[in-house]
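Peer 1: Got a structure for you, written out below as structure tokens; questions coming shortly.
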Amino acid sequence: MVLEQRKGKEMRDVGDEEKWVYDSSVDHKGRVPLRASTGVWKASLFIIAIEFSERLSYFGIATSLIIYLTKVIHQDLKTAARSVNYWAGVTTLMPLLGGFIADAYLGRFSTVLVSCIAYLLGLLLLTMSWFVPSLKACDADVCDEPRKIHEVVFFLAIYLVSIGTGGHKPSLESFGADQFDDDHSEERKKKMSFFNWWNFGLCCGLLFGVTVVVYVQDHVNWGAADIILALVMAWSLLIFIIGRPYYRYRVPSGSPLTPMLQVLVAAISKRKLPHPSNPADLYEVPKSQKAQGRLLCHTKKLKFLDRAAIIEDNENSIDKQNPWRLATVTKVEEMKLVLNMIPIWLATLPFGICVAQASTFFIKQGATMNRNIGNFVIPPASIFSLAAIGMIISVTIYEKVLVPALRKTTGNERGIKILQRIGIGMAFSVATMVVAALVERKRLAAVKKDPVHGSLSMSVFWLAPQFVIIGAGDGFALVGLQEYFYDQVPDSMRSLGIAFYLSVIGAANFLSSLLITLVDHVTEKGGKSWFGKDLNSSRLDNFYWLLAIMTMANLCVYMFLAKRYSYKNIQSLAVANCNEEDDNAGSMA
């Protein structure tokens, strides 16, 4: 009889969990979300729609920026490349601040809302810089020397877009992933597809940005393109607000950095204590008393930090309530997670440097080549669409073909581990640089034969292989990095996790600028710089070979780190899961 009552209670509990979402999220009225009417794809589609608009705007600006700086602002090639890299660097590092604010104070929905308004203001200012007479570059159609006020307003506008991206990008992507419950098997499987389809939407936005928007920039003017971007962003902001009743929200829980500092202080204060032989002796809040969040299993790495969870003989109940004296195993493991990410973050920077070339030198190469298809002239930045096509094909094949097949082979819910996916993408970046070097050498040979028309004798589609390969690699590496940094950070830091992924690209853009300056200085001292006044007097092929060698050497280091990496391991009802150390044991994100 008692057994039957217990089974009945378990069945009611299961039914209750099917109806309601118990993952610490709330609905728009602050209540426990109803599973049937909130979250999953019904909410994520609103979120992917605004990402489409943001990417359309971002790439519409980013891919043509180097052309604008050289033609309108009259910067030379090196200065323009540095300006683009600095802007891209700021744009992708700002999310560190935006992600922190979202996780700690504003929440993800509010941060996205405020950021979109800042983004829209930047687009409106860009439009004004073209149409307001006193802010225009000059009164003539072609400017020999642009007005200083135009430069100031232009750069103010694009950096306002950077600020908007800083809050929008990490918060929106993590907000989208929050719509799936990790503890629900069906939703967890759907969440595995979220990042793939998120990037599919991103690439569609990119594709429209570098074709339709860039075409308008080239054949009408920048002002007309800016109007389109502003209208699209305003419309997508309205769509995002309409979806409010369908979203699941995470309540901000204060600075996620404070618990890590507490672990460090507690570990240092107990540095002289012997490490317990049994990890079960370390302090942890019983699962039944855990108010929110998930408990992590103990791992053997970074044992020094375990001392923060040692219960001293003289420790009373009051001491246990002081997080600066005693930390739980979960808090210690969260600290370990962040520290374990640092080597991986560093090892992905050379890949980011390769990606940075696609929006600078690759575009500039396209501008010097034959872009005619009959009577139609392809805008230089539109060649970037091939990277988007490569990524769309890569993501689709991975999602629809590789994952189902690999799940059967490996038994892994993802098909392959996250770091393996990133490593495959990094191998693509090596191939990209090799192909880019060979194509550039051929172009320079044509220029040597005919200095005036040599480059025009080559079709711009000679650049297609390097764009498609880097795009296909992004389908593995960039999507993998998004999954990795969202999934492997503590649950309270998921906006910051996406910011960490973006910071790889941001830091890589700054490193790319630094590398250009360094190589320019060294090669100039050796006789002739690899970076001349224009592409025809430069040796970009040598620079690409250098990047290929650097990335290949780094890939070997990355493989060593990935093999030794321990994934996040979530406690479940089956305690035995704590003995597993693969990425299936953790949350799926």
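Keep in mind that glycine also has a Cβ here, set from the backbone N, Cα and C atoms.
Dumping what TrEMBL says about this protein:
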TRANSMEM  86-106  transmembrane segment
TRANSMEM  112-132  transmembrane segment
TRANSMEM  197-216  transmembrane segment
TRANSMEM  222-243  transmembrane segment
TRANSMEM  344-364  transmembrane segment
TRANSMEM  376-398  transmembrane segment
TRANSMEM  418-439  transmembrane segment
TRANSMEM  459-486  transmembrane segment
TRANSMEM  498-523  transmembrane segment
TRANSMEM  543-561  transmembrane segment
Peer 1: Are there three or more C-beta pairs under 8 angstroms joining the transmembrane segment (344-364) and the transmembrane segment (418-439), sequence spacing 6 or more?
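Peer 2: They do touch: at least three Cβ pairs between the two stretches lie under 8 Å.
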Peer 1: What stretch of 222-243, 376-398, 498-523 shows the most Cβ pairs under 8 Å to the transmembrane segment (344-364)?
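Peer 2: By Cβ pairs under 8 Å, 498-523 leads among 222-243, 376-398, 498-523.
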Peer 1: Take a look at 112-132, 197-216, 222-243, 498-523, 543-561 and tell me which one has the most Cβ pairs under 8 Å to the transmembrane segment (376-398).
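Peer 2: The stretch I would name here is 197-216.
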Peer 1: Any chance the transmembrane segment (197-216) and the transmembrane segment (112-132) are in contact, meaning at least three CB pairs closer than 8 A with a sequence separation of 6+?
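Peer 2: The transmembrane segment (112-132) and the transmembrane segment (197-216): touching, no.
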Peer 1: Taking a Cβ cut-off under 8 Å, which residues six or more beyond the ends of the transmembrane segment (222-243) line up next to it in the same chain?
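Peer 2: For the transmembrane segment (222-243), the far contacts come to 43, 46-47, 49-50, 52-54, 56-57, 60-61, 68, 112-113, 116-117, 119-120, 123-124, 126-127, 130-131, 212-214, 216.
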Peer 1: Would the transmembrane segment (86-106) and the transmembrane segment (459-486) count as touching if the test is at least 3 Cβ pairs under 8 Å, pairs 6 or more apart?
Peer 2: no
Peer 1: For the transmembrane segment (543-561), what are the same-chain contacts with Cβ under 8 Å, counting residues 6+ beyond its ends?
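Peer 2: The answer is 343-344, 347-351, 353-354, 357, 361, 422-423, 426-427, 429-430, 433-434, 436-437, 440, 516, 519, 530-531.
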